[in-house]
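Below is one structure, written out as structure tokens, with a few remarks after it.
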Ligand code: SF4
């Protein structure tokens, strides 16, 4: 909290019209390098087993230590199996990575939530769950989807291994200040449209490079009405349109979510923090480098058909012709060739092989509520292998407490143990070559879910509809209220 006090007084003393991003960024600048990057103080550093071993080796070789172990948190997620977590990890590389994280955390006095620990889970799920993620904070992690934490009004972004070492050693990072973009989505979302659809729609309109060089603030009715889980899903996917990160101004919903969690301030410290947090909004006349507007009523449940997250369409639409899309025709055709799809085909009705619900994009309790709302009273399709993977033990416990596990079992599904699972082919949950998976994760690159695997990104509702029908299905057809 020491740093937050300094931030508070600095913010109050500045009177220019500022964006939310400027307020948080400027209050964390330790040093400005003339014509160069800023040196930013980092409030929270999240580490996991994949990008940390070399960074820890780096500080060891330099004979230095972790400067602020109390601001550093380690959890195991990428390499963890999602069944039989009580048994030794079979894959030698994964076992070594997990062991290194445990040993380094112990050596440097860092909180370590390893495999089997009750607080274990995906780094971007457990951070908010335990109040490590707070409004107005700067947060980094050696994982691109660190942007998730922007949902709380934090500046959060992914960093590389050498930068992980830099933050371990100095609690600072050198960063050029990105440009600012505001994406406004106003109006009311249509029936069956979820936060994932909003994000996939924005990426499909902007393309995967549409926000390159920018830090995005999401604004408008749609984000204001969204739950914190939904906001996390949207901010998580910011990186998929090239943005350095995404953020949403904190409000009463944010403060309510954060209050009382293990690492959030208590008592007088809470009051002081709230005084600062309530200053975290974009001033009325503050300027953005780019401003974009969308209408909520234009969005329907989305699905991707190609090999990047920008290749998405409304589920009722057909795959665009090459001349309808921006970018090279040969690249487009190569992408469709990999997916074994053709221009002009409908997505609805395509037989699928796998369904994955989970990841830091859609592995939270709200996602499992959505999934089970569709599978309830139905049966898993015989041709589908389904991986239902909670983002953390806390999510797993909520699934059980809310009775969702019974629905899952009655419909013929199994719940696995927490981890990144099929988000990336770095553990045992790999989609085999040629197989088609409907996935609630964030990337559909060639081979992302396993060599030769084919991925359709979608919301938990779309994933559930596919899981019980065995094909791409408009979830609205299975929802009772469908008019
Ligand atoms: S679920 Fe996927 S994107 Fe999220 S932290 Fe794990 S590997 Fe990274």
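The backbone N, Cα and C atoms fix where each Cβ goes, and this holds for glycine too.
As recorded in TrEMBL:
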BINDING   360, 420, 423  [4Fe-4S] cluster binding site
If one looks at the chain holding residue 420 ([4Fe-4S] cluster binding site), which residues at least 6 apart in sequence have a CB under 8 angstroms from its CB?
77, 78, 80, 122, 358, 359, 360, 426, 427
When you measure from the Cβ of residue 423 ([4Fe-4S] cluster binding site), which residues in the chain that are at least 6 apart have a Cβ under 8 Å away?
356, 358, 359, 360, 361, 439, 441, 442, 443, 448, 449
DSSP output for residue 423 ([4Fe-4S] cluster binding site) maps to helix
Within 10 angstroms of the C-beta of residue 360 ([4Fe-4S] cluster binding site), the count of other C-beta atoms across all shown chains comes to 28
The correct three-state DSSP answer for residue 360 ([4Fe-4S] cluster binding site) is helix
Remaining residues near the recorded [4Fe-4S] cluster site, that is with C-beta within 8 Å of the centroid of the site residues 360, 420, 423
77, 78, 122, 124, 145, 358, 359, 361, 363, 391, 419, 421, 424, 441, 442
